[in-house]
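Student: Following this message is one structure expressed as structure tokens.
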Amino acid sequence: MRIFSWNVNGLRTTLKDVAACHTSASNYFCQVLNADIVCFQEAKIQEEKLEKWIACVDGYHSHWAFSREKKGYSGVVTYVKEALSPLDAKADWLGENSSAEDLCNEGRLMCTDHGSFVLLNVYVPNSGDGDKGRPRLDFKMRYLKALEQTCDDLVRSGKHIVIVGDFNVAHKDIDVHSRWKVEEIYSLEEREWLDGFLSRYIDLYRHFHPDEKNIFSVWDQKSDARTRNEGLRLFDGSVGD
């Protein structure tokens, strides 16, 4: 099974571009990516403005989590091949923890149960600008802890889990360009949480590429940093059983 994940920062434009380059979104998913499941984060589409050509990609079913707090904000979607349609799908589900209810309004999580495993497609909140005191750090940490509890509960119930998406934090110095140190970019709380999480769950990329450097997933667009490959590898996927 092949699972593809991408933070697109606006799905409508991305799908239009790939359809123009590869005949159709369906052809891109199936022939170019050869993907059984395609996960996008930051779709930035309002539920009432969801168009049929985006929701109904030929050969795939789509499962959406929409932001109910802000319009055109956040949002994740999981496209699954019709032949592999999940047993269950839950948007913004963080278990049965009632204290997490206010965390479930921004369209940040889609859980799909595929029988042999549960897939969590997640877009974790950003803590905010460090120069401004990281105004959403508390919210982010509550979200990460609730997400971890959900993962742990699934594992305790006998489920295998796969997590993909954007956790909005890099793990080690090897995951950021050499001009920076990871502690200069992310708070101690964020880094300690990720250390603890990855002591029990496997970072698949680092499992297969433990020493690979200069592999990044995000760059500063304003400074054209991608042309110089000055970026970060935000933690974006894990597996646990």
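Just so it is clear, glycine is given a Cβ too, placed from its N, Cα and C backbone atoms.
Where the annotation comes from TrEMBL, it is an automatic prediction and has not been curated.
TrEMBL lists 5-184 with the feature domain 'Endonuclease/exonuclease/phosphatase'. Annotation comment: TrEMBL describes N7, E42, D166, N168 as Mg(2+) binding site. Annotated site 'Transition state stabilizer' per TrEMBL: N168, in sequence order.
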Student: Which site among N7, N168 has the most other CB atoms no more than 10 Å from its CB, taking these as binding-site residues?
Tutor: N168
Student: List the same-chain residues at least 6 positions away in sequence whose Cβ sits under 8 Å from the Cβ of D166 (Mg(2+) binding site), in sequence order, or say none.
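Tutor: Listed in sequence order, they are N7, Q41, E42, V122, Y123, V124, L234, D236.
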Student: If the Mg(2+) site is taken as the center of the Cβ atoms of N7, E42, D166, N168, which further residues of that chain fall within 8 Å of it by their Cβ?
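Tutor: Near the Mg(2+) site, the remaining chain residues are N9, Q41, Y123, V124, G165, L234.
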Student: Summarise the model confidence on the domain 'Endonuclease/exonuclease/phosphatase' (5-184) as a single mean pLDDT, whole number.
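Tutor: In the predicted model, the domain 'Endonuclease/exonuclease/phosphatase' (5-184) has a mean pLDDT of 95.
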Student: Across all the protein chains here, work out how many other Cβ atoms are within 10 Å of the Cβ of E42 (Mg(2+) binding site).
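Tutor: There are 21 of them.
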